[in-house]
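Participant: I have a structure I would like to understand better, so I am pasting it below and will then ask my questions one at a time.
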There are 2 protein chains.
Amino acid sequence: MPAEERSWWGWGTTDGELSKEESDALVARTSGVLPGHDFTDHPPPDPADLDLPAPRIRPPATLAALCGDGPVDRLSHARGKAFRDVVRNLLGRLDHVPDLVARPRTEQDVVDLLDWCTASGTPLIPYGGGSSVVGGVEPRFDGPAVSMDLAGLGEVLEVDTVSRAARIQAGIFGPALEDRLRPLGLTLRHFPQSFAHSTLGGWLATRAGGHFATLATHIDDLTESLRVVTPAGISESRRLPGSGAGPSPDRLFLGSEGTLGVITEAWMRLQDRPVWQVTASVAFERQENAVAATRAIAQSGLYPSNCRLLDPAEAFINAGASVGGGLLLVAFESADHPVDTWLDRALELTAGHGGVVKARRSKNSTGQDSASAWRSSFLRMPYQRDALARRSLIVETFETACTWDGFPEFHDAVTSAARAAIDAVCGGAGVITCRFSHVYPDGPAPYYGIYAAGRWGSTVAQWDEIKAAVSEAIAVHGGTITHHHAVGRDHRPWYDRQRPDPFAAAITAAKSALDPAGILNPGVLIG
Amino acid sequence: MPAEERSWWGWGTTDGELSKEESDALVARTSGVLPGHDFTDHPPPDPADLDLPAPRIRPPATLAALCGDGPVDRLSHARGKAFRDVVRNLLGRLDHVPDLVARPRTEQDVVDLLDWCTASGTPLIPYGGGSSVVGGVEPRFDGPAVSMDLAGLGEVLEVDTVSRAARIQAGIFGPALEDRLRPLGLTLRHFPQSFAHSTLGGWLATRAGGHFATLATHIDDLTESLRVVTPAGISESRRLPGSGAGPSPDRLFLGSEGTLGVITEAWMRLQDRPVWQVTASVAFERQENAVAATRAIAQSGLYPSNCRLLDPAEAFINAGASVGGGLLLVAFESADHPVDTWLDRALELTAGHGGVVKARRSKNSTGQDSASAWRSSFLRMPYQRDALARRSLIVETFETACTWDGFPEFHDAVTSAARAAIDAVCGGAGVITCRFSHVYPDGPAPYYGIYAAGRWGSTVAQWDEIKAAVSEAIAVHGGTITHHHAVGRDHRPWYDRQRPDPFAAAITAAKSALDPAGILNPGVLIG
């Protein structure tokens with residue numbers, strides 16, 4: 001997508017921003033929940049008014065054509081799109097801005113840029129769509145930095161329709177990829193919330209979570225092989241449907257977040273485009289029944305494509321539904337066979353736990369229900385977040401995963417920590433929501449939302465306190481600091497506690513072998 | 001299982017060996033295929049007659065009670081159970097025999113043994129059930145060696161029936177594990193051919209393939225967390241149903257084959273015991289139709305528990321069926337719901353490719369068919385292999401995986417290489433069989449069997465030539481050198497070619513961090 005359409009300060013594209021009417025309606029709805037809050041709008045500054053320091057480095061002449069240092073370009077690559085990133089943009093805080101934005105057009109350009117950065121000891125941050133919500137692309141360190149924007153490597157190079165796989169360059173964005181596959185009847189079917197604004201390489205480097213609520217929940221599971229440029233050479237794994245030949249090479253690079261190399265290509269497993277889709281929404285009066293029903297489905301071997309349990313607050317805010325204990329959105333899809341039998345059994349399981357079916361529909365049927373309302377809302381959420389962030393609200397999410405047996409206590413601990421932090425830093429004015437974004441036979445991936453009343457100029461610090469409190473609760477009660485948002489710089493302290501020490505030693509040694517100058521995304525995961 | 005029941009020279013237990021009647025019948029059947037072969041029986045030597053060198057090392061007094069140096073104990077830990085291992089035992093070839101067999105009874109014993117070996121620079125080979133078919137447990141190097149037999153760590157420590165997971169010590173054997181889980185209605189449902197003679201730790205260290213032909217094909221997928229003793233400390237990952245926090249720690253140790261640490265415990269994901277099971281066998285006249293039908297099922301999203309395509313030779317030898325193109329054994333199972341709908345659709349797919357259903361049955365129905373015949377045969381195969389190995393036959397398997405689009409050419413290349421090698425070293429007297437042991441949406445895992453007429457005293461060298469030829473074909477044509485048999489020492493040359501060089505550098509560095517003295521299973525994977 002042309003760079004000029006992308007918002008330098010907020011989510012996605014400038015076209016996507018809320019209209020005045022939408023903003024007014026959102027403010028009206030929100031003020032009902034947070035009465036007394038000051039909803040004054042704080043629009044973004046003009047980048048020209050920001051006192052951006054001059055670049056501290058220059059590329060060698062051979063690479064100059066690949067490198068830009070325009071102020072908006074540098075600003076738009078300075079950080080990701082977390083709440084704390086957007087608010088710092090709104091405040092005109094510069095913090096850490098890369099000196100150059102490099103745009104390789106070929107893999108050899110990537111090699112050359114890495115060689116230059118290695119020789120000169122210049123930190124380099126691989127940048128896909130820049131939708132990180134964990135500080136993954138921010139040069140949060142002293143000294144110069146190069147942001148390497150991989151959007152120039154955006155082609156589908158080869159499609160194997162028999163094995164249903166494609167060799168794809170890492171810089172391709174979600175919509176462009178699906179546009180290329182659609183005429184072939186194929187799809188990657190990886191739809192993170194950031195789908196339009198993130199790249200295959202970003203998904204792979206961060207172990208992104210996608211469309212499927214069960215089975216292939218992460219991009220990892222859709223990966224057949226990887227090609228990665230490291231300072232020590234190019235690593236290319238073999239296209240294999242399965243292997244048992246030593247530890248998986250791909251699993252080392254999946255989740256390496258730009259610290260071990262730059263992913264340039266991948267063979268990805270594709271799906272036939274679904275023909276049959278059925279979905280239902282099921283209401284529960286009691287939360288424990290909703291959780292038990294969801295667990296029953298997760299353990300049934302039915303493998304729904306969607307199995308999203310919304311708590312009452314989430315159901316009310318984002319699906320327009322009033323429920324006492326929770327609203328379960330469950331869906332099945334197939335390119336091969338009707339899936340009504342699958343949904344029938346899932347609904348038998350929910351009925352056994354007191355669930356009441358509110359709606360059931362098939363693909364191409366018209367009409368609105370809670371599931372479609374929630375889906376529309378889902379893609380608009382980050383834009384709404386930006387509109388509220390401009391009005392001094394703290395609107396952010398965090399996510400994790402835990403086992404089913406531990407969930408009730410875990411959930412109490414996390415929400416209590418969030419509540420206590422909101423009380424302490426926001427005077428109590430706030431709402432906490434929870435949904436399960438993905439479910440496994442052995443546990444759910446809870447996804448939490450926070451809506452709290454902040455004070456303009458302080459909302460980043462307020463959020464950081466809330467985030468630290470919930471992260472501590474997650475760490476203490478055995479969850480993961482991230483199920484699919486990645487570690488980045490924001491999660492680092494808790495990641496270090498979660499990661500076994502010998503594994504830390506092993507991966508640090510692996511990094512030294514692959515990136516001896518330590519130029520790749522310093523501060524993330526390692527070092 | 002008590003050590004005395006296990007065969008020191010051959011597969012499994014002494015009880016399992018073929019009776020005289022079974023051997024005679026097997027020889028009669030085989031001589032029909034390989035007329036003119038000399039079927040003279042060469043029974044194993046008496047271990048007392050072997051000139052076993054005295055141990056070159058002694059344990060420190062504090063560890064003496066854990067260590068044995070009895071001749072049969074050392075002999076039975078000297079190698080795995082590949083054809084070339086069994087024949088060398090029959091020939092009384094000592095090659096490399098460990099000096100001590102250490103049997104830790106606690107995790108602290110493992111730590112203490114590693115400390116001693118690290119301090120003294122003594123190579124240590126973790127040993128589970130010793131069923132390796134790739135030279136994984138053989139001290140194939142000069143100098144002393146300790147074999148650490150983990151059978152003393154054989155308990156199920158904790159069961160979480162809500163999340164369906166258990167904390168299990170690594171030295172437990174398959175039957176003991178299932179005995180512990182059965183009263184709870186749970187099962188790990190990991191049934192490699194070696195099930196009775198291998199341990200959880202061995203499955204984890206080698207990325208073993210198990211019961212399920214689709215989805216959770218490897219033990220990897222059943223693993224929730226690992227506890228690993230390394231010379232650099234104990235690595236324990238968190239129990240998580242899913243995570244995106246950096247590269248997966250568990251995926252580094254899964255498949256590490258004893259080179260990075262000793263797995264002592266794992267939290268494993270369990271299943272409810274299946275209630276509904278349906279199976280069918282489908283015959284095809286043409287191989288390409290059989291493959292296309294199998295691919296259609298693998299890509300259908302139906303996820304059969306079994307989807308085993310036998311070629312005509314495999315179907316005839318091991319399932320007693322005469323087919324022109326192949327016999328597909330397909331099965332579904334569930335603890336939650338009847339699975340007839342699933343099988344119905346799978347059989348529609350096979351019918352679309354000309355498949356003819358030969359038998360269909362549900363769990364608990366009686367009567368023999370090709371599927372049950374094949375399953376009985378499957379568990380007896382290694383014992384039959386031993387009986388034939390004693391009679392100068394070359395009977396061995398090898399396995400791989402490749403993509404669907406490449407399979408026809410790949411299969412031709414591999415079988416041509418096998419045929420040419422059999423022609424060259426066995427004068428052409430041999431049979432090659434193929435089955436798909438597991439199938440994926442993007443490709444099958446072909447499993448090959450060789451039955452060839454050897455010359456007593458030369459069958460190891462003959463097999464090694466055949467194996468080198470097929471391994472070369474696999475490497476050149478893009479397969480993996482192993483789908484689930486592991487790398488060990490036998491696959492090392494081809495593994496080194498398959499493994500990306502930067503990944504080799506990374507994992508070598510990781511080993512240096514975890515095992516600085518390089519004592520753990522030298523020669524396997526690294527170093």
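Including glycine, each Cβ sits where the backbone N, Cα and C put it.
Owing to the predicted nature of the structure, the values given are computational and were not obtained by experimental measurement.
Pasting the feature list from TrEMBL:
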- B:Tyr447: active site, proton donor/acceptor (ACT_SITE)
- B:Pro126, B:Tyr127, B:Gly128, B:Gly129, B:Gly130, B:Ser131, B:Ser132, B:Glu257, B:Gly258, B:Thr259, B:Leu260, B:Gly261, B:Val262, B:Ile263: FAD binding site (BINDING)
- B:Arg385: substrate binding site (BINDING)
- B:94-273: domain 'FAD-binding PCMH-type' (DOMAIN)
- B:1-24: region 'Disordered' (REGION)
Participant: Determine, to the nearest whole angstrom, how far the Cα atom of B:Gly258 (FAD binding site) is from the Cα atom of B:Tyr447 (active site, proton donor/acceptor).
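Facilitator: Each residue's Cα considered, B:Gly258 (FAD binding site) and B:Tyr447 (active site, proton donor/acceptor) end up 25 Å apart.
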Participant: Please report the distance from the Cα of B:Val262 (FAD binding site) to the Cα of the residue listed as 'substrate binding site', rounded to the nearest angstrom.
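Facilitator: With distance taken Cα to Cα, the residue listed as 'substrate binding site' is 31 Å from B:Val262 (FAD binding site).
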Participant: Within the region 'Disordered' (B:1-24), count helix residues (DSSP H, G, I), strand residues (E, B) and coil residues, in that order.
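Facilitator: Tallied per class, the region 'Disordered' (B:1-24) gives 11 helix, 2 strand, 11 coil.
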Participant: With a Cβ cut-off under 8 Å, give me the same-chain residues at least six positions beyond the ends of the region 'Disordered' (B:1-24) that come close to it.
Facilitator: 41, 44, 47, 72-73, 75-76, 81, 86, 89-90, 131, 173, 175, 196-197, 382-387
Participant: Looking only at B:Pro126, B:Tyr127, B:Gly128, B:Gly129, B:Gly130, B:Ser131, B:Ser132, B:Glu257, B:Gly258, B:Thr259, B:Leu260, B:Gly261, B:Val262, B:Ile263, which the record lists for FAD, tell me the maximum pairwise CA distance in angstrom.
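Facilitator: About 20 Å separates the two most distant Cα atoms.
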Participant: Measuring Cα to Cα, tell me the gap between B:Pro126 (FAD binding site) and B:Arg385 (substrate binding site) in whole angstrom.
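Facilitator: Cα-Cα, rounded: 26 Å.
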Participant: Which one, from the binding-site residues B:Gly128, B:Gly130, has the smallest tally of other C-beta atoms lying within 10 Å of its C-beta?
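Facilitator: Relative to the other binding-site residues in B:Gly128, B:Gly130, B:Gly130 has the fewest Cβ atoms within 10 Å.
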Participant: Tell me, if you would, which residue among B:Pro126, B:Gly258 (binding-site residues) has the fewest other CB atoms within 10 Å in the structure shown?
Facilitator: B:Gly258
Participant: Are there residues of the same chain, six or more positions away from B:Tyr447 (active site, proton donor/acceptor), whose CB falls under 8 angstroms from its CB, and which are they?
Facilitator: B:Thr397, B:Phe398, B:Glu399, B:Cys434, B:Arg435, B:Phe436, B:Ser437, B:His483
Participant: Let me make sure I understand the structure: which of the binding-site residues listed (B:Ser132, B:Leu260, B:Val262, B:Arg385) has the fewest other Cβ atoms within 10 A of its Cβ?
Facilitator: B:Arg385
Participant: Just to confirm my parser: what is the rounded mean pLDDT across the domain 'FAD-binding PCMH-type' (B:94-273)?
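Facilitator: Across the domain 'FAD-binding PCMH-type' (B:94-273), the average pLDDT comes out at 97.
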